[in-house]
Amino acid sequence: MKYNSIVMNTTHISDQSYAMVVHMKSPSPPSCVNVYCNSIMYGTCVYVGYPPGDRNLVCETRDLESVECHWDTGRATNLTKQRKTCYHLNGRACPNDTVSNCYQTLRVDQGERNWILTARNLLGTLELKDTADLKKRGLASVVSHGLAPAQTYIVQVRCGLKQHFWKWGNWSTLQTKEDIPEVLDVWMQIEGNQTIIIWKPLTVKQSHGQIKDYEVTWGRQKTIVHPPQHDFLLSDQFTNEGQRVTVTARNSAGSSSPSIITIPRLPHRMKRSMKMVGRDGGFDLSWSASPNASCYFVVVWCPTYSECRLEWKKVPTDITSARIQSASFEEGVRYTLSLYACTPRVPELLEKWDGYVKELVPNGQIRGLAAEQHGSDTVLISWTGIPPENQTALICGYIIYYSDISHPSSMRAFNVTIDEAKANNLTGLPISSYRFIVKALTSVGEGGESSPVFVQMVPQTDQLITVIIISLGSAACLLTLVTILCYKYWKCLKEKLYPKIPKPEDHGCHILYVDPCHPSEIDIVGDPEQSCEAAPENEAGNKMEEGAITSIYSDVPAPHVYYNQRLSKTPPGHSTISFPHTTGSPSSPSSGTAIQNPSYNLARARFPSSRPPDYLILERRKQEAARDKVLEFTKYQNTCDLKSTGRITLKVALC
């Protein structure tokens, strides 16, 4: 015989009965196991499984009109269809689809009783038993602590004995009473001369009931604000330095504790905004601790270029960072965030940021692009940029694209690393026609392309002529100005640059002339027959040398003449040239000459240097020429043969 195609050892029992022993590791599949004889045409189908293994029977009632029992099914029997396990509760069959529980309608009107569950299949039968009094239900009330005011709760109750606890009953609802609201979260928004007091609406858990109204108090003034309004406008006449404003919320249980905020009279000092970019739909902020913060920090944010109602978040003073998220945040919108410190007086502005939750490529157009030729190879490019309210990212620069119209593929780029629109010069451009566009550069790419502009560059001949004319005009103006100044200060400039050469009569040293000019007397005394070798004596009784000239102005004999020539023939007698005394002081005798030259002697005395001035040299030459004429005349007289005796008087005028 074969069991599932495996030859087995069998025991012959009778002519048509055989027995075999099979050790099974698992039950048979739901389709059974085939057992056949030597021929596959004869055999049978064997179902191998387990008897019922249910346990832990528990019966209970929820309404005393029905009974529900449940149990654990245990391991699977692997018997299906007509061979599956059947269940009976206290002799009554359970529904056919019963697996782990059995429900029967039965009025529970007696005390403790037995509940018996019978489980049966082809391999065995099992009975489970439970004994209980289902009418015992325990406590009738309970007090629960820690519930929130004005909240609706749903409740389930279950009952049980000391030995057993039953399952939960049906849900029921209850409503807690109202309580006074929590403290409001208040802030302010200053717009010009007006101040808006803002507070966050309380949540259901914070309101502790239905909010009826809000009470705003400042100074001696008081007003009531009804929901859903959550702000109040204070005009300028009611706001002054250190004005304290209190806001309370009221419901049927009473009013909340007051929230106090102090309004500054003057706007907060301006702070330079720091650039930042958000992450994951929010902003991560950090700051330094402030000794002025006494109660908390406040982070306030709002779109930079649109009207809005401020949002804020309060942070404890021992924390110096915050994650700012809001359902109102939008991509491509610029936000301004401010950090304030709560102080005993007015809030103090500490930090300020500008940024985007998420930057987008700019889709606005750069406006006001203009191009103008400056010079022969320079073009001035200017633009006004993208309006701030249309910017969707932080602009870190601009890119100028330009190309020659005749060669469109020769596109070139020029980076301008500024965040504001500005004029820029492009130099080194040959004479041609050009096309210009400008794009904004951001961290997410280029965008905001401007409309193109075109420039036809031309040679700057007119400009060159203009430059020449301007240069000549400037030079003429400068020359005119210099001429006027020179004319005004001509004398001073002449004395400094070209001093006048003084004439002799204008010099400080004047020459003493013999004025009036009387004729000199020359007495010639001689004997034609006598020898000319006799030397006459002067007035002092001394003999005079031949050819000597005696001056009547000096008591000292004059030295020999500077040319020191002796006469070849000495005429008889001697010749005397006398100069009568005139006005003026006699000059000192001059060495080396018999005829005194007063001008020369005075000039030499005044200018002791080795070389006298030029004008004195000229004067000296004139005097020497006149003296030579006199000497020649004297020589002529000495050599002549005077046939007559007596005195010859010759008057020579020396002027």
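Every residue gets a Cβ built from N, Cα and C, even glycine.
What TrEMBL annotates here:
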- 180-269: domain 'Fibronectin type-III' (DOMAIN)
- 365-461: domain 'Fibronectin type-III' (DOMAIN)
- 464-490: transmembrane segment (TRANSMEM)
- 573-607: region 'Disordered' (REGION)
- 582-593: compositional bias 'Low complexity' (COMPBIAS)
The domain 'Fibronectin type-III' (365-461), counted residue by residue under DSSP: helix, strand, coil: 4 helix, 50 strand, 43 coil
Residue distribution over DSSP helix, strand and coil in the domain 'Fibronectin type-III' (180-269): 7 helix, 43 strand, 40 coil
Model confidence over the domain 'Fibronectin type-III' (180-269), averaged pLDDT: 86
